[in-house]
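According to TrEMBL, the feature domain 'Pyrroline-5-carboxylate reductase catalytic N-terminal' maps to 13-112. For 83, 84, 85, 86, the entry in TrEMBL reads NADP(+) binding site. Residues or ranges marked as domain 'Pyrroline-5-carboxylate reductase dimerisation' by TrEMBL: 175-279.
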Ligand SMILES: NC(=O)C1=CN([C@@H]2O[C@H](COP(=O)(O)OP(=O)(O)OC[C@H]3O[C@@H](n4cnc5c(N)ncnc54)[C@H](O)[C@@H]3O)[C@@H](O)[C@H]2O)C=CC1
Ligand SMILES: O=C(O)[C@@H]1CCC=N1
């Protein structure tokens, strides 16, 4: 049971349909910010009781794998967050559809999956919010893109924004921009971690201890991000301030340029967006195949 006394911002029950990394990041962020009572959060997954037990003990949420209970939660909760992998989404949505009540809000975090395909797989014009968060939501520093279907009410719109604003920045966008947003902020943390891995490895190869190299790298990335945020200066202008003509930074940047760093990052973001579209198209194809069979 909950210890808080003040009424939290969110008082609706929220079911997480899928209890993996992204669902946990959102739940952790929401609970850390006390915007919802833990016992208003229900987490469901396909089969792992151990995983649900871990989430129950870590956050005090409700988690169940009992088929009857699962069905009841999904049928009655005003908000259902779809948080399974894209490959599992079609089957999950088909079985969810017949149990949904009119007006139950579906919030999806699934990469590539369009609002149209969600409604098609469910078989109803359910209100749908398509989002693309990232795992930094777990510490309240997420960045989430959000698009609404026209069935979403003003109240549901506010509720969805409350959820994601509580765990970071939100950006309401046209749905057709969701793939490029995925390339920047959904998958973006992985690129930064990759860069950090390389910087840490270089420090170690050069004789720093692992701890020193990691600590210096983390502070450098944190400081650079904060500098952009707090000075309001463009990254390019800040970069120039680090780069003395003929100095060591310029020498390093020349090596990055030789590897076509700038265009490589653009190509990676673009491939990420393309891959999201491919995953979306595969789900749409599953919907079309099903519709054909029914004819
Ligand atoms: N991990 C990330 O950084 C981000 C992930 N996403 C999206 O979040 C979704 C989940 O990704 P992760 O959490 O990384 O995956 P994950 O593999 O960690 O978690 C997926 C969960 O879904 C459950 N699941 C599978 N089929 C199910 C079903 N029929 N009913 C109920 N639960 C079911 C699995 O048991 C597992 O708990 C994906 O669609 C991904 O595109 C979006 C933004 C960022
Ligand atoms: O890799 C993926 O497909 C998901 C989507 C954004 C981050 N992770």
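Cβ coordinates are placed from backbone N, Cα and C, and glycine is handled just like the others.
Curation plays no part in TrEMBL annotations; they are all automatic predictions.
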Tally of DSSP helical, extended and coil residues in the domain 'Pyrroline-5-carboxylate reductase dimerisation' (175-279): 90 helix, 0 strand, 15 coil
Helix, strand and coil totals (DSSP H, G, I; E, B; other) for the domain 'Pyrroline-5-carboxylate reductase catalytic N-terminal' (13-112): 50 helix, 18 strand, 32 coil
Site of maximum Cβ density within 10 Å, from binding-site residues 83, 84: 83
Shell of the NADP(+) site beyond 83, 84, 85, 86, same chain only (C-beta within 8 angstroms of their C-beta centre): 18, 20, 82, 87, 88, 89, 92, 110
Taken over the domain 'Pyrroline-5-carboxylate reductase dimerisation' (175-279), the model's mean pLDDT: 98
Residues near residue 85 (NADP(+) binding site) in space but at least six apart in sequence (CB under 8 A): 18, 20, 110
Cβ packing number for residue 86 (NADP(+) binding site), 10 Å threshold: 16
